[in-house]
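Working notes, beginning with the structure itself.
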Amino acid sequence: MRVLGVDPGLTRCGVGVVEGVAGRPLTMLGVGVVRTPADAELGLRLVAVEQGIEQWLDEYRPECVAVERVFSQHNVRTVMGTAQASAVATLCAARRGIPVALHTPSEVKAAVTGSGRADKAQVGAMVTRLLRLAAPPRPADAADALALAICHIWRAPAQNRLQQAVALHTAKAPTLKGRTG
């Protein structure tokens, strides 16, 4: 499975592509950051994020895009920019028919480090180890994007089995059509 991880942000949007399957060594195919100037107009910044993500989709042709789920932060401006960049990444994938998976920061940290409360240094260290890199990816947004891709590769098989089980159970469940209280 080839996954593009996206750590959304308006100033720095981390992107990273990882390939592999759960239980086997993973391979980093690319990592980087899409940057936009903080003083540029919002619309232009969103277009720049879109163009950057489109380039990554063109170059690496992922089977899935894993995006960090936006959560409430104390800084409203930061959360708005993160949500807008997340929407752009989701739109780029949807336009191409590529499935999008959203993962919370604590879910990603737990998958990669074993602790949902891990700090950025711990995430970077584990990404470096798991992908057999010479040094941690910089900036942290790039490491976070790779962590998202790793998390999805490891969790997707279990999530797919769970969805199939729910669908099977739902299909076999008796219905109460036509019955009234």
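Backbone N, Cα and C define each Cβ position, glycine as well.
Caution: TrEMBL annotation is automatic and unverified by curators.
Fair warning: this is a prediction, and the values are worked out from it, not measured in the lab.
Feature annotations, courtesy of TrEMBL:
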BINDING   ASP7, ASP141  Mg(2+) 1 binding site
ACT_SITE  ASP7  active site
BINDING   GLU68  Mg(2+) 2 binding site
ACT_SITE  GLU68  active site
ACT_SITE  ASP141  active site
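Applying an 8 A CB threshold to same-chain residues 6+ apart, the list for ASP7 (Mg(2+) 1 binding site) reads CYS13, GLY14, VAL15, GLU68, ASP141, ALA142, ASP144, ALA145, LEU148. In the three-state DSSP classification, the residue listed as 'Mg(2+) 2 binding site' falls within a strand.
For the recorded site, ASP7 (Mg(2+) 1 binding site), the DSSP three-state label reads strand. In the three-state DSSP reading, ASP141 (Mg(2+) 1 binding site) counts as helix.
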